[in-house]
Amino acid sequence: MGLHAILLLLLLRISASAAASRPPLDTLGIPPQDEAYFRGGVIRCRDGSGRFARDKLNDDFCDCPDGTDEPGTSACPEGKFYCQNAGHSPITIFSSRVNDGICDCCDGSDEYDSNVTCKNTCWEAGKAARDKLKKKVATYKSGVVIRNQEIQKAKVAFAKDEAELAKLKGEEKILQGLVDKLTEQKKLIEKAEEEERLRKEKEEKRMKEEAEKQAADEKKASDASQEVDSQENHETVQEDESKVAEHHDGHATSHDNHTPESESSVEQHDPESQDDISIKAAPADESPPEETSAAPTKEQESTPADSEGLSREELGRLVASRWTGEKVDEVSKDDKNEHEAEHDMPEHSEETHEDESDVPESAEDSYAGYHSEVEDDRHKYDDEDFSHESDDEYVDDHDEHVASYKSDDDQKGDDHSDFTASGQASWLDKIQQTVQNVLRTFNFFKTPVDLSEASRVRKEYDDASSKLSKIQSRISTLTDKLKHDFGKEKEFYYFYDQCFESKEGKYVYKVCPFKKASQVEGHSTTSLGRWDKFEESYRVMQFSNGDRCWNGPDRSLKVRLRCGLNNELNGVDEPSRCEYVAVLSTPALCDEQKLKELEQKLKASSNQRDHDEL
């Protein structure tokens, strides 16, 4: 009897304990944060489809299509059941699993009205989770300290970069003005040098043409001299042959045709002819040409080579003309005709006597023509002399012009003193002062250009341009850097100049925040995208528009951030084709608000154990 009583007491105690652990029926399956929604007398369906009274809550009849009225039963297919799982992690299951004979909740709350008794295993199952949570809380505590330090450094660095950018922009403006001035002066120098070059080319061309002309004249004179020498040699031979022939013909004529009439005719003719010759030759002897030359003139070159049949006077006149420069072409021709007439006298005596009276007149005409041609030649040589003198005068004048080409500035001394920058001046002040000194010193109107001064201007221009280029490059880098969003507290500022790598199998993945992400295999690199933006409140980094997959989309990468004491990239995967994911641990995600939430969760799980034990 006593034994039965003891067993009955044990059963009653177990039943009471089970009833105590099970939540009230009206709140069964409702999350703690939603309990206030079900406190009213009339409750609205969450989808707005209708209303139901509080006494119909969990009555095992579905009044709302979305299962709002049956969170603790399996009456509604769309209903959800909340497992509190005290001492472990709470979960939500479909209402269809309630009282199905399978323990889905570690606290057994889902099988409250079934033939199965579920043991509460939440504390044992949650031990590993609690240990993990404790470690996570400790990591967050250390990470928050590191994050705060990094934020302070980032703010200082960001402000420093902003100040540097502002300073560089000011220096760029000043330096740009100096470069513009030097550019303008450099153009003036180049213009002056170009003018000087053209002047020299023109002068060299003129001198070359004069040299070529002089060489041509000398060659022409040389050819003419050779031709005259050859002509003289030929004429000398002909003259000797003519003398011999004349002597022979004279004897033959005297022997065959000697008559008194012819003798008297010849005697009358010779004195008169001689007198006429002396009369006409006298003016030429009294006024010889101003300039004589051993070299024959052009008119002498054109003298007929055939001198046969000339008299001694004619031959003498021919020889004399070579030394005096007198023209004897027409005289020789007239004398030759006269000589032939004399030879014809025996056959035509009457005509000869009639012609004798005309001989002096003919001689006068001939000599008059000779005299006129000599005068013409004289004037011709005078003109040639004048032409040579004009050329000489032109050369002298031109040389004088070239010698006086320098401007008056060549005679002036450089009274500008050299500038020495103060040791306390900055590099920009030194450049400004040096450029101003150069611009004051250099004379841009001097011709020819002073090469040393021109080189100095060019050197200052090159130096200033080089510094300006470096400043502009730095400005571009800082501007591109500062335009990015580095988080609410600049916590990601130090990510800009860093890259994080992870080796997964045969690939090496490289992520460079704010720039690009890539997949490296040996010497081959595949782009996984360029920087796009932050997502989910700075918890995800998005890289887009990478290399296109074969018959697929462009590659992309999402990097999920989590709290960690070091910056480490891991967990790279490709869940969908050409869409990659990765995890990056960093102190930047260890924020204080999240730390407080974790501490409360850990405390709640510990308090639940104490409550259960009680």
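Glycine is no exception: its Cβ is also placed from the backbone N, Cα and C atoms.
Here Swiss-Prot annotates a disulfide bond for CYS563; of CYS512, CYS578, CYS590, the partner residue is CYS590. Spatially close to CYS563 (disulfide bond) yet at least six residues away along the chain are LYS136, THR139, TYR140, GLY143, SER585, THR586, PRO587, LEU589, CYS590, LYS594, judged by Cβ distances under 8 angstroms. Checked against CYS512 (disulfide bond), the recorded positions ASN115, CYS549, CYS578 differ in C-alpha distance, with CYS578 being the nearest. Here the compositional bias 'Basic and acidic residues' (194-222) has, by DSSP, the following mix of helix, strand and coil residues: 29 helix, 0 strand, 0 coil.
Each residue contributes its Cα atom, and for CYS578 (disulfide bond) and ASN115 (N-linked glycosylation site) those atoms are 51 Å apart.
Annotation: CYS512 carries the greatest number of neighbouring Cβ atoms among the disulfide-bonded residues CYS499, CYS512 [cut-off 10 Å, Cβ to Cβ]. Among the listed recorded positions, namely ASN115, CYS549, CYS578, CYS590, the Cβ with the most fellow Cβ atoms inside 10 Å is that of CYS590.
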